[in-house]
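Let me begin by presenting the structure, written as structure tokens, before commenting on it.
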Amino acid sequence: MEQVILAKVALSAATFAIDKPYDYLLPDELRESAAPGMRVLVPFGAGNRRIEGIILALSRGQPAPRLKAVIALLDDTPVLDSESIQLALWMRERYFCTVYDAARAMLPAGLYFSLQDQYRIAKGVDKEAAYEAAGRSDHARRILDLAYACGGTAEMGQIRAAFGTKDPNPALKQLTERGVLTLETSASRGVGDKTEQVVSLAVPPEEALALVAPKRKTAPLRYAVVELLSAVGQASSKEICYFTGASAATLRSLVKSGLAVMEKREVFRRAAPEQTEPAQPVVLNEEQAAAFEGIDRLCGAGKSAAALLYGVTGSGKTQVYIRLIEETLKRGRGAMVLVPEIALTPQLLHIFTSHFGDAIAVLHSSLRAGERYDEWKRVRSGKARVVIGTRSAVFAPLQNLGLIVLDEEQEYTYKSENVPRYHARDVAKFRCARSNAVLLLGSATPSVESMYLAKTGVYHLFTLRSRYNTRALPQVQIVDMKRELRGGNGSDISQQLREELKANLDRGEQSILFLNRRGNSRMAACGECGEVPSCPRCSAYLTYHSANGRLMCHYCGHSERLPDACPHCGGAFHFIGSGTQKVQEELEELFPGTEVMRMDTDTVSAVQSHEKLLARFEKEKVPILVGTQMVAKGLDFENVTLVGVISADLSLYVDDYRAGERTFSLLTQVVGRAGRGEKTGRAIIQTFTPENEVIATAAAQDYDTFYQQEITMRRLRGCPPFRDLFVLTASGTEESRVLRMCVRLRRTLESWFADPAYQGLDVQLLGPAPASVAKVNNRYRYRLTISGHNSKTMRALVAALLCAAHSDKEMKGVSVFADVNPMD
DNA sequence: AGCACGCCGACT
DNA sequence: GTCGGCGTGCTC
């Protein structure tokens, strides 16, 4: 029998339950150019709607009767190599996402296509014949009217809009079958690539305002947009939406009514790479050299390995990284450095640029789509052989990978909270295994999991115990805030801290105060009745953005103007939140005439200003800096000799097995900020629970004791690394149904576990319980947790459960997803 | 998810 | 009689 070429394709339209490689026939004319890793346009489902897919493999095979054919190729070179395809398949199994979800995470947004279907009147069909074919069908006639009105082609979007709630598909199908219409699909490159939408007024501002003013009450957004444009002339549609709360639809309607015009404008790509002096060669001290040699030996062995570099704050891990990368490049291989957040590591970026210059590509989420795409291409082409970036950079198309460094590996930003819910550490491990590369986890306070694996010999362990220039650790003092309170001091600043600050001011030395808050956001609260505006769609408070003066919801994006007065009692609003402002005020009262600099999301908007603030703090020797978590990271200032932690407890008493680890890490980092220069540093930790072991060990900078306590607790409580938590989240608009879904899931699992085949499986079911944010976007969320071991069997069970939930007919409208060891 | 097929009520 | 409602089942 005649052999044909089959393409195995992962589909963008597939959900997890139906996701698998689908077989398509590859037409002869595509045989030459098609290759695995290319995206394709294929028909799918009973309606043969055209969707995007990606070729996973090509093979010869027998023509099956129900096989459909690939319509077109969307790429001329593969966008994924075979390793990436393997990784995508692995991610599906590991993170319960579709293969396409995984592929999407690997590609820069600038590569996305948006598919547009359009129906064209077929060649050689005249108007009369067309309407005859439409017969008495009202729908078909309307489609033809539309097509002829638009010069013979009607876009699917137009047709849908014209039909409203009615379904145009039967009529379209009829016309297509009778040869009157032909379907064409065009693929255009995705959003934001090199251009942005700029909106400006089409008429003079006064005229525009006069036109929208009468309807100010009924169409406030239109008015707000016109008002903004009158003031600023033109703005990108993104900015307008942010500042006014208008949607893209509002902008379109303004354009449609002739008030505004929208045009695409080129935006400038990548700011010219900062010119830095070539760096001096790195000189390692004895300890660093030992670690370097040990790790480099692993790299040279050409086998995959993982190592943990445990180096106390200031022990110079970066120098070790640089030497390792140099050697990796010498071997002709590529290297990757992952950091928790690019904005917080300007110094690190600077150092790497000065060492590797143009060989570096920087990838992180706040790059514009075009910039990211450019960097991605530089990596793929081999021009850039060192990649530095955040979580998603772990997918960079770096060839011949030799080394991946995960700096500050304990940071939670390495875990994705969106689909695909991957952990960069796991993906890095996979890539290293495939490329015989070395994974290096670096940290001053390693995650308990990683240290456990290092201690049990799974990872090689390298330790840097001495601080750079053998500087002494700061002297740490714990202050009991309960006693302060009893002593009549209700403020945020204890007696001791005040005295130390005074001493620093007298000596002309600088101090940093750290507020241990998880979020940096500000809420509006009524001064009279205490009302805090919350989101109408989510069970969350709205946060106040001073940049646009609006209240916004972090979960669903809802945004509203800050009311002039409390809608309940008419009282005035004031702002509560990270509390940095309050501390700033207290300090200004304590030390009149002293400048107190504040750093939180309210004073920091972009990467730039974060750096600028710090530069000013350093250069002008601003006496006191108050800030949230962003002051804890990577700041090295000679003249800072005092660090104060205002409220050490706040991150500790939350319902998360990682709370201790996170608090220890934060406190250690903050304390390490003191005394980087010639002078010895001091640190003060204020707490209401001075007896707490996490705080005590952090104050003593005693990771080993902290680790021993924590690992014992993890073992006792059945938390990672001893067990894994599979969290299933059900969501839907009806709370009772969502809860019922969780109960059903639990029952299903219990019945499966009763099967003798699973007798040996060591599992425990917890919940259902409402998610920490119980409602998002009007959808209620409940969670069911399975504590067990992340084995193939367990993952298969969870996958089967998701499929069962999907096909549960009584549970329509409730969706379920799974996450392994989530971060909240 | 999204679409077709199929089976019941209210309309020309 | 048919148009159109939404329950059910499949997607190469």
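From the backbone N, Cα and C atoms, a Cβ is placed for every residue, glycine too.
Automated prediction, rather than curation, is the source of TrEMBL annotations.
What TrEMBL records for this protein:
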type: BINDING; residues: A:C526, A:C529, A:C566, A:C569; note: Zn(2+) 1 binding site
type: BINDING; residues: A:C535, A:C538, A:C553, A:C556; note: Zn(2+) 2 binding site
type: DOMAIN; residues: A:298-464; note: domain 'Helicase ATP-binding'
type: DOMAIN; residues: A:561-714; note: domain 'Helicase C-terminal'
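Annotated features taken from TrEMBL, shown on the structure.
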residue	record	DSSP (3 states)
A:C526	Zn(2+) 1 binding site	strand
A:C535	Zn(2+) 2 binding site	coil
A:C553	Zn(2+) 2 binding site	coil
A:C566	Zn(2+) 1 binding site	coil
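Nearest to A:C569 (Zn(2+) 1 binding site) in space, judged by Cα atoms and limited to the binding-site residues A:C535, A:C538, A:C553, A:C556, is A:C535. The CA atom of A:C553 (Zn(2+) 2 binding site) is located 18 Å away from the CA atom of A:C526 (Zn(2+) 1 binding site). Of the candidate binding-site residues, A:C535, A:C538, A:C556, the one lying closest to A:C566 (Zn(2+) 1 binding site) when CA atoms are compared is A:C535.
Here the CA atom of A:C529 (Zn(2+) 1 binding site) lies 22 Å from the CA atom of A:C538 (Zn(2+) 2 binding site). There are 17 other CB atoms within 10 A of the CB of A:C556 (Zn(2+) 2 binding site), with all protein chains counted. For the binding-site residues shown (A:C526, A:C535, A:C553, A:C569), fewest C-beta neighbours within 10 angstroms: A:C569. Here the binding-site residues are A:C529, A:C538, A:C566, and the one whose Cβ sees the fewest other Cβ atoms within 10 Å is A:C529. Counting only the Cα atoms, the space from A:C529 (Zn(2+) 1 binding site) to A:C535 (Zn(2+) 2 binding site) is about 18 angstrom. When the Cα atoms are compared, A:C526 (Zn(2+) 1 binding site) and A:C535 (Zn(2+) 2 binding site) turn out to be 16 Å apart. Same-chain neighbours of the Zn(2+) 2 site beyond A:C535, A:C538, A:C553, A:C556, judged by a C-beta within 8 angstroms of the site's C-beta center, are, in sequence order, A:P536, A:R537, A:A540, A:L542, A:H554, A:Y555, A:G557, A:H558, A:V776, A:N777.
The Zn(2+) 1 site is defined by A:C526, A:C529, A:C566, A:C569, and by the 8 Å test on Cβ atoms against their centroid, the other residues of the chain that qualify are A:G527, A:E528, A:G530, A:E531, A:A565, A:P567, A:H568, A:G570, A:G571. Over the domain 'Helicase C-terminal' (A:561-714), the average per-residue pLDDT in this prediction is 84.
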